[in-house]
Amino acid sequence: MATFLGINLFGLFGQLLVGLINGSFYALLSLGLAIIFGLLKIINFAQGAMYMLGAFAAWMALNYFGLNYWLALVLVPLAVGAMGILMERVLIRPIANEDHLYSLLLTFGVALMLQGMFTHVFGSSGMAYAIPEALQGGIKLPFMYLPAYRAWIVVASILVCAATWWMIEKTRLGAYLRAGTENAQLMQAFGINVPLMVTLTFGFGVALAGFAGVMAAPVYSVSPDMGSNLLIIVFAIVVIGGMGSIGGAILTGLGMGVVEGLTKYFYPEASSTVIFLVMVIVLLIKPAGLFGKEA
Amino acid sequence: MKTAIVTRSKLNLVLLLLALVAPFVLYPVFLMKVLCFALFACAFNLLLGFAGLLSFGHAVFLGTGGYVTGYLMINTGITPELGILAGTLAAGLVGALYGKLAVRREGIYFAMVTLALAQLAFFFYLQAPFTGGEDGLQGVPRGYLFGFIDLSDNLQMYFFVLAIFLFGFWLIQRTVHSPFGQVLKAIRENEPRAISLGYNVNDYKWVAFVISAALAGLAGSTKTLVFQLASLTDVHWHMSGEVVLMTLVGGMGTLFGPFVGAAAIVTIQNYLSGGELGNYIHIIMGAIFVICVLAFRNGIVGQFRKVLKQNF
């Protein structure tokens, strides 16, 4: 057994990997929240439900239509994104000018409905989704065993997050988006179709959650409440990160996953609460969050 | 204005009479459930309706009150009024801590902070040795009020619960109509202006948070005595969502709204859980949420007032 300074390296790196995987999902979800928040100034409470929807859609695609994992990875985010677009157009648009608390409550209601429907149809016990053939097995490293699928999750999520970051921070489209968050009316005057941009942004943010759901299906059991539990953690991460920046959302998401993984190794009793404790500490020291701008 | 006050006090008198007769007509345990949730919703509404603060973690105060009262009633021989007092104080204490943290953020962040803090407490209660974990605290004795009134009798328990509710409701009413309540409203309407007038806004929010938390704890303590049970359901974030729904349905920012909303939601839930629609309960609750936000933002009481104003 490989040990270093009395630390079981297999166990430590194992938990670090689990932490990185959780962190990947945190990052994808908080990134989606940050994008939607940036342009619409609303917190999409249904983001967790969309993640759950992504996982179920992948499962249903495989079991009802025989669509494999790779197709699901492309099609499901599109479908979930379309759901988001529908939701934005039909439900959120009519109350866009009301207090933002109402949109929070509205998306909460949507989340309850979705979760209730899936519980009703599939029951609350989880369902399994096999790891795609190409990613079965793993690599034996000197200090740990690295399952291929888990490595894929971390790599793919980081790539998607980085691409999103690049798109928003470095391209012209992203510049419009950022300008739209600063002054929507002015952008409208310049001939940019802001309502369309809002709709598409919402769709994209939700699609990120759907993507995370497909990725999660083979590692966690697919169950109706998989999103709601995750979402509260992501909210804590958003408070820690500060939602001020896209990069902040990604970094805080990954970082908190790692913090959780380390806690699971060194002090397992606190692993379910450590992120909330970090939130308390950050609130005490820096109420605007690590990457947030002071209001 | 004067007639409005007269009609209001007349209305209060009628409602009080109804409350006194009700247990002889309807099942007292159901009525007690309504009263407990009504107090919870009224306490929650003190924050949302009068200070504009959406706390999404209020279940933690309900649950804390319940656990503390339940634990004391089972393990020490104290009388129920002392047990409830202890539960209320404990919830107020947790509220004081959480409030200090939460009022540092505004708007939707405030909602997220309260939700995350409540989840922290949920995990604590799940693991703590004195809460009975998943099973909760069962068989909590109701005991003898002041040592001689037997609360195991549902009717006597009902009047005790009614008294507690009336006390809580009175306290909220006094708070809202006090100068302190006026400052809260000013903060809700225009926070920067309240700050520029020299009010320490965060302190006001914090005091409102503590009062609300303590009263939510009072509701939880009472509920534990009524059902002789304290469990994780009361601390779960679903419960926090439910109290938001009650307030929304009844009408936020009105005194009677949360009461009406709580009665409506508890009745719907009781009705559904017995029938074949029980499986649809979350779907229906979610749908009510969506409909209320889209078409019915004033709630039952708010809508009723609007109709009254337009037609009379």
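In case you wondered, yes, glycine gets a Cβ from its N, Cα and C as well.
Curation plays no part in TrEMBL annotations; they are all automatic predictions.
Quick look at what TrEMBL annotates:
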type     : residues  : note
TRANSMEM : A:12-37   : transmembrane segment
TRANSMEM : A:71-92   : transmembrane segment
TRANSMEM : A:104-131 : transmembrane segment
TRANSMEM : A:151-168 : transmembrane segment
TRANSMEM : A:189-218 : transmembrane segment
TRANSMEM : A:230-254 : transmembrane segment
TRANSMEM : A:266-285 : transmembrane segment
Selection from A:12-37, A:71-92, A:189-218, A:266-285, the stretch that has most Cβ pairs under 8 A to the transmembrane segment (A:230-254)
A:12-37
Recorded stretches the transmembrane segment (A:12-37) and the transmembrane segment (A:266-285) touching, at least 3 CB pairs under 8 Å:
no
Can you work out which residues elsewhere in the same chain, 6+ from the ends of the transmembrane segment (A:189-218), have a Cβ less than 8 Å from its Cβ atoms?
24-25, 28-29, 31-33, 35-36, 38-40, 44, 46-48, 50-59, 69, 72-73, 76-85, 87-89, 92-93, 129-132, 149, 153, 156-157, 160, 164, 176-177, 179-180, 226-227
